[in-house]
Amino acid sequence: MAQPGSGCKATTRCLEGTAPPAMAQSDAEALAGALDKDEGRASPCTPSTPSVCSPPSAASSVPSAGKNICSSCGLEILDRYLLKVNNLIWHVRCLECSVCRTSLRQQNSCYIKNKEIYCKMDYFSRFGTKCARCGRQIYASDWVRRARGNAYHLACFACFSCKRQLSTGEEFGLVEEKVLCRIHYDTMIENLKRAAENGNGLTLEGAVPSEQDSQPKPAKRARTSFTAEQLQVMQAQFAQDNNPDAQTLQKLADMTGLSRRVIQVWFQNCRARHKKHTPQHPVPPSGAPPTRLPSALSDDIHYSPFSSPERARMVTLHGYIESQVQCGQVHCRLPYTAPPVHLKADLDGPLSSRGEKVILFQY
């Protein structure tokens with residue numbers, strides 16, 4: 001994938017310094033091969049071909065300018081190994097990413113931009129291709145769509161209004177980095193024309209249909225109307241049975257030509273109206289025992305006098321009561337007056353509603 005700017009991908013290579021080689025030739029070749037491995041074809045620049053630079057010998061007449069100077073710290077490299085990237089050399093410990101400061105001595109590639117060293121992650125996060133819709137990075141393995149120099153993820157190339165993903169060969173409009181399908185692009189043009197005719201100032205961004213505008217509005221439910229014959233049939237049935245069963249509903253549907261659901265709803269509405277206009281009578285709770293007294297106190301109730309043939313048994317008795325007492329073989333008459341015993345009348349008794357006080361006598 002092409003990289004923006006003039007950044008080039010370079011390979012790092014470990015080179016021998018002033019000391020004689022103590023490594024086996026196969027090990028050196030394996031290390032050089034590992035360091036020269038290229039990661040993908042993302043760089044437009046051809047990686048630099050590493051070359052082995054031998055340090056100047058003591059008998060050589062090469063000036064001191066030929067010394068191996070580290071590009072990072074500026075000191076002479078006297079170590080046994082050094083790293084070389086695009087004809088620039090570093091100490092093994094000095095080659096690191098300029099952003100995250102991660103050492104690149106174990107990496108087989110790095111990236112240079114404006115004389116700055118970057119690791120792969122930081123280079124692509126700063127200079128890599130990004131999606132014009134979501135702003136995230138586009139990797140080399142991602143499928144993309146391009147429009148007017150912008151790159152989009154395949155899923156991000158969708159209409160801004162209806163969120164529908166556009167397919168290959170489909171017409172679309174691009175308005176201020178917003179992708180519109182043909183339908184909503186024409187809607188935007190109509191909004192601009194209507195605003196111009198009415199003299200209203202409408203910006204281009206305001207003319208773009210929003211996501212709420214693209215959603216279809218729910219249609220209003222059509223009200224059901226009944227003919228006089230249909231109402232007559234249903235009202236006659238309601239007078240007989242206000243809650244018909246499924247079989248009766250089917251018969252009414254066949255007679256009126258309406259659906260069972262419509263007839264069922266009509267009966268539900270009629271029952272609700274009938275219940276609303278019918279006076280409600282209070283019903284005593286089923287768990288409470290019946291009582292003969294109202295909720296008011298008994299002292300506040302005025303009673304009517306009680307007259308009954310048996311009243312004589314319940315009044316005070318005076319005088320003598322004849323009683324036979326057996327005294328041996330002699331029968332005699334003794335005067336006897338029974339002491340009164342006052343008892344409270346039971347509220348639930350038959351006399352509680354008469355207000356009489358009962359006086360009983362013992363014999």
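Placed from the backbone N, Cα and C atoms, the Cβ positions cover glycine too.
Swiss-Prot lists 19-65 (among others) with the feature region 'Disordered'.
The feature compositional bias 'Low complexity' is assigned by Swiss-Prot to 42-65.
Helix, strand and coil counts from DSSP across the region 'Required for interaction with LDB1' (55-194) read 24 helix, 39 strand, 77 coil. Residues annotated as region 'Required for interaction with LDB1' in Swiss-Prot, with experimental evidence given as evidence: 55-194.
For the domain 'LIM zinc-binding 1' (70-122), the predicted model reports an average pLDDT of 82. Annotation source Swiss-Prot lists domain 'LIM zinc-binding 1' at 70-122.
Swiss-Prot lists 131-184 with the feature domain 'LIM zinc-binding 2'.
According to Swiss-Prot, the feature region 'Disordered' maps to 203-224 (among others).
What Swiss-Prot lists as DNA-binding region is 219-278.
The region 'Disordered' annotation in Swiss-Prot covers 274-300 (among others).
For 281-292, the entry in Swiss-Prot reads compositional bias 'Pro residues'.
The DSSP breakdown of the DNA-binding region (219-278), given as helix, strand and coil counts, is 42 helix, 0 strand, 18 coil.
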